[in-house]
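First the structure, which I've put down as structure tokens, then a few questions once you've had a look.
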Amino acid sequence: MKGLYTALMCSFDEQGNINEQGLREIVRYNIEVSEVDGLYVNGSTGENFLISTEQKKQIFEIVKDEVGDRVKLMAQVGSLNVDEAAELAQFVTNLGYDAISAVTPFYYKFDFEEIKDYYNTILEGVDTKLIIYSIPALTGVSMNLEQFGELFENEKIIGVKFTAPDFYLLERLRHAYPDKLIYSGFDEMLLSASVLNVDGAIGSTFNVNGKRAKQIFTLAQSGRIDEAREIQKVTNDLISEILENGLYQTIKEMLETQGVHAGYVRKPMKRLSEEKLLKARSIAEKYL
Ligand code: SI3
């Protein structure tokens, strides 16, 4: 399960329905052009928290059907509705996904016992292994070393997607849990995380920048830090331009320039203005 995973986008039409063909094209682009090691399905980048249970299931099915066994698949099933999360965990297990992942429960200020119970409930009915999705900036949930350790006591919890700029905690985790899988979640910090010996990374910008991300990771692993730093610099120029223009919308438009019908974002996300659409196309021209 090591390596680089694209946090997969989903293609939606103007009404917010899934565009199956577009989704299949995004999958193919990631596998055939970017050559990533795996896909992280229905994460933040997949606009997961804006869609229905039925749509989540449909996306899981289409992606598995398109991928087959070509790359590894991780299914993000986390939800404030723990019954839904457990149902989706069962659903993707039946589809043959390689692992599940679940965001820490957010919005209500759950205490740690509640968070632990949430993960144990999701895992009760399945044998599929789980990667914790930790993203404190969006969920407001920060866990410390001991709390990660307690979650890791459940042997079905095999790792964490660590989307935080806390490199002290990342180093402590790596040191304390050499056998757990740690994935870096911030693409702009991939080199720094790779130096700390993470097992892989999961990122939104890999949808358009997968090749550079892979180079950074591979170079860092073989100790070629100067070369990796050069590529991280170009990557961060690209990420800065994407973030300034609108993260998911810009990545979608960049994919469109490559003939991949990535479509529209779901409401309440807004569409790019004409000016920003042109900007997205110029970013694509500059970096792809
Ligand atoms: O679940 C997911 O879609 C992700 O893997 C998210 C990933 O951590 C991204 N975070 C968000 C909030 O989109 C990053 O890849 C992020 O977009 C990137 O580093 C730019 O800041």
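Heads up, the Cβ atoms here are built off N, Cα and C, so glycines get one too.
According to TrEMBL, the protein has these features:
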type     : residues                                             : note
ACT_SITE : Tyr133                                               : active site, proton donor
ACT_SITE : Lys161                                               : active site, schiff-base intermediate with substrate
BINDING  : Ser44, Thr45, Thr163, Gly185, Asp187, Glu188, Ser204 : aceneuramate binding site
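Structural setting of the listed features?
Secondary structure from DSSP puts Tyr133 (active site, proton donor) in a beta strand.
According to DSSP, Lys161 (active site, schiff-base intermediate with substrate) is assigned to a strand segment.
Listed in sequence order, Thr6, Ala7, Met9, Ser44, Thr45, Asp187, Leu247, Tyr248, Ile251 are the same-chain residues six or more apart from Ser204 (aceneuramate binding site) with CB atoms under 8 A from its CB.
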Under DSSP, is Ser204 (aceneuramate binding site) helix, strand or coil?
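DSSP call for Ser204 (aceneuramate binding site): coil, neither helix nor strand.
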Have a look at the recorded positions Lys161, Thr163, Gly185, Glu188 and say which one has the shortest Cα distance to Tyr133 (active site, proton donor).
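Closest recorded candidate to Tyr133 (active site, proton donor) by Cα: Lys161.
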How many Å separate the Cα atoms of Glu188 (aceneuramate binding site) and Lys161 (active site, schiff-base intermediate with substrate)?
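So the Cα of Lys161 (active site, schiff-base intermediate with substrate) lies 15 Å away from that of Glu188 (aceneuramate binding site).
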